[in-house]
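Novice: There's a structure below that I have some questions on.
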Amino acid sequence: MVYAIEARSTRKVYGSGSFAVTALDNVSIAIRKGEFFTLLGPSGCGKTTLLRMIAGFETPTSGQILLNGQDISTQPPNQRPINTVFQSYALFPHLSVRENVGFGLKMKGRPDAQIAGTVERVLSLVKLEAMADRKPQQLSGGQQQRVALARALAPEPEVLLLDEPLSALDLKLRKEMQVELKRLQLELGITFIFVTHDQEEALTMSDRIGVMSAGHLLQVGPPREIYNRPVNRFVADFIGETNFIPATIAGGVATVAGGARLAVATDAPTGDHTIAVRPEHVRIGAEGDGALPATVGESVYFGTDSHVHLTLADGTAIVARQQSDATGAGVLAEGSRVGVSFADGSVQVLED
Amino acid sequence: MSKAEDKAARTETRSTWLLSAPALVLLLFAASGPLIIMLVYSFLTPGKYGNVIWEFSPDAWIGTILSRDIFDGTYSLADAHLTIFWRSVQLSLLTTLFTFLVGFPTAWFIATRTARTRALLLFLITIPFWTNLLIRTIAINQIIRNEGLLNTALLSLGVIDEPLVIIYTNVAVFIGMTYVYLPLMVLPLFAAIDRFDMRLLEAAYDLYASRWQVLRRVILPIVKPGVIAGSILVFIPALGAYVTPRILGGGRNMMIGNFIELQFGQGRNWPLGAALSVLLLVIVTVALMFYVRAATRSDSNG
Amino acid sequence: MAEKSFSASRIPGFATTAILVFCALYLPIVMLVLYSFNSGDSVAVWEGFSLKWYPLAWSNEQVRDVTLRSLTIALVASVVATTVATMAALGTTRRKKTKGQTLIYLMINQPLMVPEIVTAVALLIFFAAIKVATGYQGLGYLIAAHSAFCIPFAYLPIRARLEGMDKTLEVAAADLYASNWQAFRYVTLPLLLPGIVAGMMLAFVTSLDDVVITLFVKSAGQDTLPTYMLAQIRRSVPPDVNAISALLLLLTVIMLTLFFLLTRKRD
Ligand SMILES: Nc1ncnc2c1ncn2[C@@H]1O[C@H](COP(=O)(O)OP(=O)(O)OP(=O)(O)O)[C@@H](O)[C@H]1O
Ligand SMILES: [Mg+2]
């Protein structure tokens with residue numbers, strides 16, 4: 001299969017000698033055509049660096065970047081059919097919205113009439129026809145964001161790179177733009193590589209997510225898989241909330257402190273490991289009957305649901321998420337003793 | 001580093017040099033390069049009608065540096081040199097000191113105004129800064145001449161019976177240099193004071209420091225880099241001044257600059273002129289090095 | 001400093017000194033301008049308003065000649081200095097530090113650090129040798145010298161403007177298929193233009209004002225306005241020279257006001 005973008009054992013080291021910073025360490029990734037791919041990871045993990053190498057603003061220290069199977073590692077950015085929506089937007093302050101959007105086509109030497117037509121079309125796509133003659137400084141943050149998007153889309157790139165494009169917007173605008181971006185991507189069929197450190201954004205928008213940490217790519221997969229089958233503690237912790245419980249695994253059964261036995265995948269590694277359970281998969285019932293004994297702690301009310309803090313027999317603290325009911329009758333008294341169980345198939349064994 | 005990265009770094013260095021090259025070539029041709037030729041000329045023999053004869057001679061340097069030696073037999077000439085050097089240094093130092101004494105309150109005053117007034121006052125300081133030095137010297141000349149505005153006013157008020165003779169004295173040169181170089185002192189002082197956190201003052205007053213103590217122990221140390229910068233900016237051009245002493249000092253109150261020029265005119269001693277210029281350059285370089293030292297030291301001390 | 005400290009703005013004597021300083025700075029210039037309209041030829045006794053010195057100065061063929069020469073030199077030198085300074089600023093700003101950058105700074109700022117008289121002497125010696133060797137006596141020497149010492153004045157505002165410019169803009173241009181040249185032509189240059197104009201104006205004023213270097217470099221009959229004026233000053237300043245000074249002063253003030261308006265837009 002030919003991928004839209006491939007990175008092969010890509011490394012990037014900034015500086016040299018004792019000042020060397022390894023921003024990316026042997027990252028290999030394959031992004032499919034027409035995919036909405038998200039790079040997710042904490043600040044400084046190398047997301048921007050990877051994006052800049054795909055765009056051509058940086059050359060890899062070693063390894064390759066491929067576009068449609070062709071090595072483009074040393075091609076300058078202006079020769080790559082890849083456009084970027086910059087985090088700071090980087091709109092040209094001396095040009096009008098129209099000129100900004102038409103910039104790429106003009107540089108490509110397209111005839112004026114064609115540029116005008118495309119610009120109109122793209123501006124209507126992002127609903128900015130009315131602002132065409134304004135300067136970027138005369139627009140709101142959200143509008144500037146759309147101009148940046150329109151400018152990157154106008155030359156019809158094969159791949160669009162978006163580096164935290166929504167981080168400067170307020171929550172409401174952010175949600176709107178998430179929907180809009182997804183709609184545009186489906187409509188245009190362009191490969192999107194989207195960078196964010198907001199896990200919710202990644203989960204709602206992406207076809208696939210790549211989770212990064214400290215220059216490494218930890219896991220690649222669809223949102224559901226990333227959420228339900230995190231490969232390690234970092235991924236499990238970074239995406240959503242998770243309870244970690246120490247356990248001993250043998251033959252598809254995890255034994256936790258207090259002797260309770262839980263079913264896990266049969267191919268799970270054996271030995272002492274950590275198991276992960278999402279708070280929404282924690283069930284609270286009566287003591288006994290194979291359930292884990294636990295003591296109820298504080299309950300925090302969140303509107304649609306409440307977080308119930310529990311302490312297991314060995315002192316491990318876990319959280320259960322419970323649907324709120326209208327009367328508040330189901331609220332557990334602090335200090336009461338309960339039995340905890342987990343939903344079928346929800347217990348995940350982590351490799352480290 | 002990969003080959004591509006290496007290449008990118010080298011391209012970067014090369015483009016820095018290529019882009020700077022035209023400026024550097026021009027500067028080398030018409031600013032820095034000739035300084036070296038000047039040094040060479042200071043070791044040659046003066047020609048009869050100006051210029052030089054290409055024969056090595058240390059006379060020019062002896063005529064400047066070793067002229068202090070009074071047992072040498074040529075001390076009548078050395079005396080004249082010494083007087084000129086001494087006058088130059090004295091006047092430059094006095095100018096520096098006085099511009100500081102009046103410049104500091106001025107800079108302080110500007111820095112403590114509201115933003116709008118401050119911008120206006122700064123602009124008012126900058127206009128004379130960029131105005132032709134010759135014109136400003138002419139303007140001062142009009143004021144302090146015997147028949148000038150000052151004397152006319154004082155005479156008509158009956159304060160004096162005879163015009164004060166200021167023009168063509170050291171005092172005239174001092175007044176003129178203070179006038180023309182004052183903005184060079186005020187601007188860096190302002191820059192330093194502007195960075196100064198006024199709350200430190202309140203803290204000091206709070207601790208029962210007297211005004212004088214506050215000035216000496218709190219304000220001056222903090223604005224020291226500005227004081228040094230201003231002093232250098234005034235001292236260097238003052239030491240090399242030519243126009244102001246020529247117009248206000250007349251032929252008798254020469255400074256080094258005028259004395260150098262003389263060697264290329266009536267003096268017809270190019271090597272001596274060159275040697276004096278090199279000497280001036282050395283003094284200035286030492287002063288600059290002192291500045292850099294002091295500036296970096298006060299930087300590292302926070 | 002929105003909330004001025006009461007004590008800070010009121011150190012006794014500071015305000016008085018400052019006001020006296022401003023008066024002392026402006027009194028001589030104002031008087032000079034004022035008396036350029038005096039109908040008598042005294043610069044101390046007012047004898048009534050008259051514009052006569054201006055046409056009188058201008059009717060002097062030599063004044064016209066030196067003015068034209070001054071303007072020619074200032075124009076050519078400021079264009080040359082600004083061009084090379086722009087290139088140097090592009091080469092030395094917003095980049096990783098490369099070896100030799102300190103040397104470049106030192107060389108560019110050299111005219112600011114070396115006393116004018118020293119540069120003047122060095123140029124006199126060097127150019128005299130070239131004049132003998134080539135026989136060429138033209139304005140080229142003055143133009144070269146002026147261009148060189150104007151470089152730092154053009155360089156500083158251009159560099160300041162460049163440093164305040166978002167580097168991502170050029171990256172964005174490259175991302176949008178602009179070649180290096182196109183990125184410069186359509187993004188960097190238009191954004192840099194106010195800095196370039198400001199630098200050129202400073203260079204122009206600097207060249208127009210120069211006395212010492214011109215005095216040493218010029219060949220016979222190559223007086224500029226300042227060296228001509230200097231030569232006219234004997235025991236007193238002739239009223240027509242006064243009038244020219246007033247005009248030059250006006251030109252400087254206009255240029256400076258423009259300069260400030262141009263550079264202020266940045267923030
Ligand atoms: N030009 C550079 N020179 C030196 N180090 C750099 C450079 N650019 C990035 N780095 C370092 O490389 C690492 C990765 O940076 P990068 O910008 O890719 O992180 P990021 O994942 O995009 O973070 P953020 O979410 O904060 O944008 C960081 O440690 C950063 O300090
Ligand atoms: Mg980033």
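Cβ coordinates come from backbone N, Cα and C, glycine included.
Pulled the feature table from TrEMBL, pasting it below:
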TRANSMEM  C:12-37  transmembrane segment
DOMAIN    C:67-262  domain 'ABC transmembrane type-1'
TRANSMEM  C:71-91  transmembrane segment
TRANSMEM  C:112-133  transmembrane segment
TRANSMEM  C:139-158  transmembrane segment
TRANSMEM  C:186-208  transmembrane segment
TRANSMEM  C:243-262  transmembrane segment
Novice: For the transmembrane segment (C:243-262), give me same-chain residues lying six or more residues beyond its boundaries with a C-beta closer than 8 angstroms to one of its C-beta atoms, as numbers and ranges.
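Specialist: Answer is 29, 32-33, 36, 53-54, 56-57, 63, 67, 157, 194, 197-198, 201-202, 204-205, 208-209, 225, 229.
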Novice: Would the transmembrane segment (C:139-158) count as touching the transmembrane segment (C:71-91), if touching means at least three Cβ pairs under 8 Å and pairs must be 6 or more apart in sequence?
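Specialist: As far as Cβ distances go (cut-off 8 Å, pairs 6 or more apart), the transmembrane segment (C:139-158) and the transmembrane segment (C:71-91) touch.
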Novice: Could you pull out which residues elsewhere in the chain have a CB under 8 Å from any CB of the transmembrane segment (C:71-91), counting only those six or more residues past its ends?
Specialist: 104, 108, 139, 142-143, 146-148, 150-155, 158-159, 162, 184, 188, 192, 196, 199-201, 203-204, 207-208, 224
Novice: Sequence-remote contacts (6 or more beyond its ends) of the transmembrane segment (C:112-133), Cβ cut-off under 8 Å?
Specialist: 141, 145, 149, 152, 210, 212-213, 215-217, 219
